Amino acid sequence: MFGIETADEGEIRLHGRKINPRSTTEAVRLGLAYVPESRQTQGLVLTQSITRNLSLSVLNRLTNKLRLIVRKKERQLAESFISKLDIRPALADMQAGQLSGGNQQKVVIGKWLASSPKVLIIDEPTNGIDIGAKTEIHKLLRQLAESGMAIIMISSELPEILSACDRILVMRRGRMVGEFVNDGVTQVDIMNKALLGAPVSSLPEGGASA
Amino acid sequence: MKWLNTKEGGIFLILIALSAVLAVRSPVFLTMENMIDMLKTNVVLAMMAIGMTLVIVIGGIDVSVGAMTALVSVLIGKWMVAFGYDLSVVLLMSVAGGAVLGAINGWLISKIRVHAIVVTLGTLSIYSGIAMYVTGGIWINNLPQAFIDFGRQNLFGIPMSGGTLAIPIQVLFLVLVAAATGYMLKHLRIGRMIYAVGGNPLSAERAGIRQDRVQLFVYTYMGFLSGLAAFVHTSIYRQVDPSAFTGFELQVIAAVVLGGANILGGSGSVTGTLLGVALLAVISNGLTLTHVPSFWHKVIIGLFIVTAVSFDIIQRKRRERRLAKIDVLQ
Amino acid sequence: MRFSLYEKVLLAVFLGLFGLFALTAPNFLSETNLKSMMVQMPELGLISLGMMVVILTSGIDLSITYISSLSGIAVAWGLVQGWPVPLAIAAGACTALLCGLFNGFFIARIGVSPIVLTLGSMLLFEGLALRVTKGGSISGFPESYYVIGGSSVGPIPLPMLFFIAAAIVTSVLLNRTVWGRSAYMLGSNPTAALYSGIPVRRVLIYVYLFSALMALIAAVIMTSRYNSGKVDYGSSYLLLSVAAVVLGGTSVRGGSGTVKGTVIGVCIFQILSSALNLYGLSPHIVNVMMGGILIVVLVANYLSEHIKHALHDIGRVLTGKASASS
């Protein structure tokens, strides 16, 4: 979906229109965002500052007429997200590698929020994060969903899925094996489908609607 | 049949194909004389490439090998001129000298944590500078006759229709080196450790393998083989030219890479490297025999390297995609 | 301009060496020597700038010196055909850009490792250059061409001005453009850069085009200075440029490095090479010393990191701030 690999089969529709991102750059342009599973190796450039990580996906929007990056704009962007997401310590020039797991994740999310995406794909959002930051992130995701952003969460933590998601798709080995609306579903139901469900041939209408 | 599917098998097929084309284009190619000549010219490259294989497998690189060989050959050249020839002494000096130079590389690389290419760039300047300074750039010519005779020796001497099948003694050295190194990589613990460090340094570290010790060993071994190569080279050419190995490291690296080793480390073999050397040898020989003007040689070899590594990478990427698919489709 | 601690030390080393040489090396401060240094340095400097940008992306361009000689030969050829100087230089530029595109294509699109690819392309470009010159040199340039290498603005030779301009432009490109920033991020963590939407392929291709362009400018200076085009002009700069770039603080692993550092590194190697020659030392000993100095610098760098960490830890313990988590 994000243009990292090309699709083998099937189609992707965004707001009804077919899309086929062939690169991550195109995906971002289409309004997609991806918070990867491993924030340290895939989501952040640990040796660079919080500011530079936050601006990484929107560098094109921070330039002036001469196509040069305007430091002030970058600074403002960084500071606004640091405060909005309550990133601690609130030091814009601190190396991303020195932050705690929860704060690192906030930086990655912040990077994507800066691009005002229509769809946010987030993979294992609270992996290795302490309880306090976990709740913060879940609250944030809920706020974003309510403001109209479509959020696709990939997770293997059943409690997290049940507490955060409106719809649940269960997949096994690349095929969809179950679908639930989160209305009284239990962990057992999900696990049943995960282990025993028969593959469904296609995704029902509705997809990931915003 | 299964072997042909491996990387080495593929390279072997290319080698056969090239040789076949060459045999057709030039009647001289398949003669005993030409074959032995090719062997002799490339023994040194092969020996050093074997050493370089280990270096590349652990994910490192050594661009000082040409300089190490030059310095050791200057060392033994001067020694022999001054003190005469004694096989065991000179041989020992060569490998010990080379090993010391290699150990310096290995020690620096493992201790100061700077990338191997930079360190060996520095030692390259130092070693070649010393070699050139000590000789003043002048060749050493008056080597003792006993040494020259040693170098001329041949094993076997079977007369055949195309000429006498006489394998130069230097080839014996190569065979021993290849066999010993191959055995070490496949069957000795150090071999496993080398592949482990190259494949995944972090896991290797966690498994208790001391990366710095492995590095020290590998670069020392490279130096050891460079020293031996110096001995062999001098015995073939009967003189010492301190600038003979300038730029040689690139050929050595090319041979290893053409032999299928991954420059990032983790894979490579003695067989593959030998095939890589053979490929380079056949191409060079072929270009000469078919009278291709010498300036085209570099162009063709350069293009060959680019094409070969491109195919390799494309294949690797395809293999990775296929693996990912299999995981999903089951 | 902000200088990092390392750069300040480097600058101090440069000034110290300069002072040392001014006092002890015969004729170091003479007009001939100063001029000669200011004319030689830009060649190494431009190649180093090109190399630095490539190394930033954790790559390397072994073919850069042969891109330089090949494009220089293209310029020379054009001049000998009677083309006007700008046209000949344009021919050189096209050659250089084609070479850069070649490198960029295989490294960025196909994904070949830079060290291996540029090993092959280095042979290729050298071979092509040999093919054109047949090993000899091309000479017979119009008078107007000598202006480039020979003239000066006041006391400063033109090549030096070219270099200063190139350094400034490179600095701006790296620090202020999206491309430059992308190059840094790419070098530190290519996966994260890709996953953030950075057009990695495009950035890399431009990187190799940039290094080819630097090679071209160096070639123009060299051919003008030597009044001819030959295959081995500049081939010794390969090792020196990597050394200068590393000395200047750029990490071979990519992701860090500055133009300032590289420039100071180049200056240090230049005055070293000039002074050692003036001392009458054999060029071979000069080589040994250059290699030795590079190693000494690397060791010193390592030790200083160690000392810094050790002091840091001591400081933590002393002030009681040593805690399990941070």
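For all residues, glycine too, the Cβ spot is worked out from N, Cα and C.
According to TrEMBL, the features are:
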TRANSMEM  C:40-57  transmembrane segment
TRANSMEM  C:89-108  transmembrane segment
TRANSMEM  C:115-133  transmembrane segment
TRANSMEM  C:153-174  transmembrane segment
TRANSMEM  C:203-222  transmembrane segment
TRANSMEM  C:234-252  transmembrane segment
TRANSMEM  C:259-279  transmembrane segment
TRANSMEM  C:285-303  transmembrane segment
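With Cβ pairs under 8 Å as the measure, the transmembrane segment (C:203-222) is packed most heavily against C:89-108, out of C:89-108, C:153-174, C:234-252, C:259-279, C:285-303. Long-range contacts of the transmembrane segment (C:153-174) within the same chain: residues 35, 38-39, 41-43, 45-46, 49, 52-53, 56, 147, 180-181, 183-184, 210, 214, 217, 221, 225, 258-260, 263, each at least 6 residues beyond the stretch ends and with a Cβ under 8 Å from a Cβ of the stretch.
A Cβ distance under 8 Å defines the sequence-distant neighbours of the transmembrane segment (C:285-303), meaning residues of its chain 6+ beyond its ends; these are 6, 240, 243, 246-247, 269, 272-273, 276-277. Residues of the same chain lying 6 or more positions beyond the ends of the transmembrane segment (C:234-252) and with a Cβ under 8 Å from any Cβ of it are 4, 6-7, 10, 43-44, 47-48, 50-52, 55-56, 58, 60, 62, 64-66, 68-69, 72, 218-219, 222, 258, 260-266, 268-269, 290, 294, 297-298. Sequence-remote contacts of a segment are chain residues at least 6 beyond its ends whose Cβ falls under 8 Å from one of its Cβ atoms, and for the transmembrane segment (C:89-108) they are 59, 61, 63, 67-68, 70-72, 74-75, 77-78, 83, 114, 117-118, 121, 124-125, 200-202, 204-213, 215-216, 219-220.
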